[in-house]
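S.K.: Residues annotated as NAD(+) binding site in Swiss-Prot: GLY8, ALA9, GLY10, LEU11, VAL12, GLY13, ASP33, ASN95, VAL118, SER119, ASN120. Residues annotated as substrate binding site in Swiss-Prot, with sequence analysis given as evidence: ARG82, ARG88, ASN120, ARG151. Annotation comment: Swiss-Prot describes HIS175 as active site, proton acceptor, evidence class sequence analysis.
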Amino acid sequence: MNKLTIVGAGLVGEAAAQIIARDELCRELVLMDVQGELAQGKALDVWQAAVESGSDTRVYGGAKAEMLDGSDLVVITAGVPRKPGQSRQDVLSINLPILDGIMTDIKHHAPAATVLVVSNPVDVLTYRAWSVSGLGRDKVFGQAGVLDTARMKCFIAEQTGFSAKDITALVLGGHGDSMVPLMRYCQIGSVPLSHFLSSEQIEQIVERTRKGGGEILGLKKMGSACDAPGVAIAQMVDAIANGRNRILPAVAILQGEYGRKDIAMGVPCVLADEGLARVIELPLDAQEQAMFDQSADQVARDIDEMKAL
């Protein structure tokens, strides 16, 4: 990939930039933020760290929209982070106009770029970005499930004592309290999770995964998760930049999959050099479909709320 721009030089954007630059996932990396000098300073720091790691990725930062020119991929992390006691929806009224301004800049300066939305509430903002972009769903999608899956794997490893490397997990639906962890698809070394944990233990892991972001927020007091989201972004960027055809969860615009249309939901997708190559529709049992529908109904209400703003 030639040029990647991260819009939002906060902790998440910076964490992602560090990995992207270190791993040379693009030739040119831009950190863009309304606080131009902050973006410049962080970009210089990231660039110097990348050089120390043997990377040739060129990193620079600033505030001007023209910095988007020629971007192959734009990652949007800008917006206010959650504070203790806030839900992702609480920040919608603040982050929506920020996203709208960014999308206007992208349309003017990088109309062919792929757009990866990370800002919360990610389901609603991904839908908004897609709806105003004029692009197909292959070019506009969001990050949530990679992070949620990693959290679940951590909690399973903690509970069982097994290596997280041997754990597979899968999360669908909205990002937050309405997410749908598919425990039937969770395994440790190809052995179903139910072989190792009781139903009660599994439900505790599910609930902790749903509250994973809030748990970190409550403990840190002054900031939300940043390092794990940064790694999740870098994983998705790697899949796109290197055309890996990886199956990763992403917030995608559904077009009839899982019985839903015109909505952005977390589902397993194939990420390749063209962006989101396709949505994978898994067979769900009646209980799983009911949970997915409940999650979709909540996201649909959130989208309606967004449209009313």
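Here the Cβ of each residue, glycine as well, is placed from N, Cα and C on the backbone.
The shown structure was predicted, so the numbers you read here are calculated from the model rather than taken from an experiment.
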S.K.: Please report the Cα separation of HIS175 (active site, proton acceptor) and ASN120 (NAD(+) binding site) in Å, rounded to an integer.
M.R.: 9
S.K.: For ARG151 (substrate binding site) and GLY10 (NAD(+) binding site), determine the Cα separation and express it in whole Å.
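M.R.: Between the Cα atoms of ARG151 (substrate binding site) and GLY10 (NAD(+) binding site), the distance comes to 21 Å.
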S.K.: Once near-sequence residues are set aside, which residues in the chain of ASP33 (NAD(+) binding site), 6 or more away, have Cβ atoms under 8 Å from its Cβ?
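M.R.: Correct list: VAL7, GLY8, ALA9, GLY10, GLY13, ALA39, GLY61, ALA63, ALA78.
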S.K.: Given the NAD(+) binding site residues GLY8, ALA9, GLY10, LEU11, VAL12, GLY13, ASP33, ASN95, VAL118, SER119, ASN120 in the record, what is the largest Cα to Cα distance, rounded to whole Å?
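M.R.: Taking every pair of listed residues, the largest Cα separation comes to 17 Å.
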S.K.: Quick one: Cα separation, VAL12 (NAD(+) binding site) versus ARG82 (substrate binding site), in Å?
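M.R.: With distance taken Cα to Cα, ARG82 (substrate binding site) is 13 Å from VAL12 (NAD(+) binding site).
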S.K.: So if I draw a 10 Å sphere around the Cβ of ARG82 (substrate binding site), how many other Cβ atoms end up inside it?
M.R.: 19
S.K.: For the C-alpha pair, I'd like the distance in angstrom between VAL118 (NAD(+) binding site) and ARG82 (substrate binding site), rounded off.
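M.R.: On Cα coordinates alone, these residues lie 13 Å apart.
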S.K.: Pick from GLY8, GLY10, VAL118: which of these binding-site residues has the biggest number of other Cβ atoms within 10 Å of its Cβ?
M.R.: VAL118
S.K.: Have a look at the recorded positions (VAL12, ASN120, ARG151, HIS175) and report the one with the fewest Cβ neighbours inside 10 Å.
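M.R.: Lowest Cβ count within 10 Å among the recorded positions (VAL12, ASN120, ARG151, HIS175) is ARG151.
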S.K.: Kindly assign GLY10 (NAD(+) binding site) to one of the three DSSP-derived states: helix, strand or coil.
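M.R.: For GLY10 (NAD(+) binding site) - judged by DSSP and reduced to three states - the answer is coil.
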S.K.: What's the CA to CA span in angstrom from ASN120 (NAD(+) binding site) over to ARG82 (substrate binding site)?
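M.R.: Counting only the Cα atoms, the answer is 8 Å.
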S.K.: According to DSSP, which kind of secondary structure is ASN120 (NAD(+) binding site) found in, if we only use helix, strand and coil?
M.R.: coil
